[in-house]
């Protein structure tokens with residue numbers, strides 16, 4: 001039979017394996033990198049037989065995302081094999097691949113600990129060095145039950161009995177046999193770069209009534225270099241952890257016993273947040289947005305009308321007042337539409353751009369709450385643009401310009417994707433085509449590279465997703481620009497056209513930074529707590545050497561404060577080295593040391609938090625330097641408002 005392999009039509013003998021077929025089509029170097037293949041789209045082992053009628057065979061390489069997933073899944077099996085060798089009484093349960101790695105759950109005589117990792121990794125390495133093959137077999141379900149009962153693997157027996165299939169597939173790696181759909185790597189030698197990472201407890205099948213299992217997490221990559229880079233990123237992430245830095249810098253706290261998933265902002269953290277909020281308000285006013293604010297509670301009937309009650313109520317909070325049910329808002333769009341409807345709108349009035357730093361509440365399960373990055377109460381830089389269809393493209397390009405300017409300001413690279421119509425959607429073909437074309441043309445006019453996510457739009461309209469990339473390569477969902485045909489229809493939003501008739505506008509939902517809490521958390525990690533001078537809660541600290549400099553330091557502090565610098569004075573009777581170190585740990589941009597020599601010269605010794613010493617400078621020079629470096633961006637100019 002003739003089969004397509006990477007663009008070539010090749011004859012494949014009946015009964016040949018995928019490996020045989022690929023060996024004849026690929027160079028030796030490429031073939032050695034193949035882990036599995038796709039037969040007409042279905043993922044199978046490289047040893048699988050090519051069925052008659054197959055039209056396409058696609059190799060799955062070790063350095064592809066699918067290949068990496070296979071390596072990780074297979075490494076979980078290798079780890080389970082090693083654990084069973086070292087701890088024969090341990091019972092195995094499940095071991096999938098996950099983002100950035102894999103895990104396996106065991107019912108062991110004692111919980112595993114990181115102290116066990118070295119021995120387990122040594123045993124895993126033996127399996128890898130032996131290039132132990134992965135061998136697939138199939139057997140009737142009853143025989144599989146008997147097999148695992150004979151091995152004392154009661155959890156596997158429970159899983160098999162719950163399966164609807166009459167036949168199940170098994171994989172053998174050495175003496176270890178596991179229930180698994182597969183596919184797997186050809187042999188353990190492909191899992192040459194792995195690391196066990198951590199242990200945790202996990203209830204069997206996630207039910208706290210079931211036994212507590214011991215879960216071992218690990219990671220694996222196609223080569224040692226990539227693994228080393230990944231481990232370095234993990235260490236960097238620990239060093240930059242916003243939860244640790246938030247406590248160290250006294251920015252915020254959580255009190256889970258009284259308000260889980262809700263932030264208590266301390267003065268310094270609230271100052272950072274306020275600076276960002278003030279900046280956002282001024283930028284939006286410059287770009288001709290109207291600043292509005294809606295209520296926290298809206299009658300349940302409104303959420304039913306919008307569709308949120310049917311589709312989103314599990315994430316909402318409800319309360320009752322005077323026998324009426326109210327929903328605490330999880331988003332701001334309904335209030336903005338009611339503001340739009342409060343007056344008759346002409347085509348000349350459009351677009352209307354409503355901006356709100358809106359506090360919203362969304363119920364997140366306690367297990368997914370994570371510092372500032374996943375909370376239950378947060379503030380969105382939310383806006384809704386209600387415009388004529390012919391204005392849509394220009395409005396979107398202006399939003400993209402704002403995204404670009406803010407990402408550049410905070411030092412982030414970013415990726416853009418346009419998500420198109422899903423299978424289940426509402427609205428006419430014409431409306432979808434208009435909106436999708438407007439999004440694509442706007443991105444192209446901006447000169448920004450983008451990808452298309454086919455079918456990933458919302459059911460009510462296409463969208464642009466922006467993911468920012470931080471300094472250690474992580475991606476974070478940030479801006480969303482979304483076209484909506486549904487809510488203007490449901491809430492009967494209209495404008496009077498040039499023809500005197502009523503017309504339906506288009507609504508654009510957009511958030512640039514998204515959740516301010518999450519964005520500040522990402523910022524803390526991006527800067528490792530060392531905010532740029534304009535954003536630092538304390539921009540300069542004056543340090544005395546002895547009490548003799550106190551009077552001069554107070555006059556210097558007053559001069560800097562008058563110039564708008566956020567400055568503190570440390571006149572404690574402590575050693576200078578201690579005070580300098582403390583200021584550095586607090587990430588204060590400018591450390592200004594004053595001793596007798598500086599008082600005599602009428603200046604200060606300027607040090608940066610990095611340890612660099614700028615030397616003695618007059619007070620006027622210091623004021624000028626800090627005024628320039630600490631000036632807020634919206635006072636400097638230079639922000640652009642469109643694409644040429």
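Each residue, glycine too, has its Cβ placed from N, Cα and C.
Small disclaimer: the values here were computed from a predicted structure and weren't measured.
Positions annotated as domain 'TGS' by Swiss-Prot, on the basis of sequence analysis: 1-61.
Taken from Swiss-Prot, the feature region 'Catalytic' applies to 241-532.
Swiss-Prot lists 333, 384, 509 with the feature Zn(2+) binding site, giving sequence analysis as the kind of evidence. The Cβ neighbour count for residue 333 (Zn(2+) binding site), using a 10 Å radius and every protein chain shown, is 23.
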Cβ-Cβ distance under 8 Å to residue 509 (Zn(2+) binding site), same chain, at least six residues away: 333, 382, 384, 480, 481, 482, 484
Mapped DSSP class for residue 384 (Zn(2+) binding site), helix or strand or coil: strand
C-beta crowding around residue 384 (Zn(2+) binding site), within 10 angstroms: 27
Neighbours of 333, 384, 509 excl. site residues, C-beta within 8 Å of centre, Zn(2+): 331, 332, 336, 337, 382, 383, 482, 484, 487, 507, 508, 510
Stretch-averaged pLDDT - the region 'Catalytic' (241-532): 93
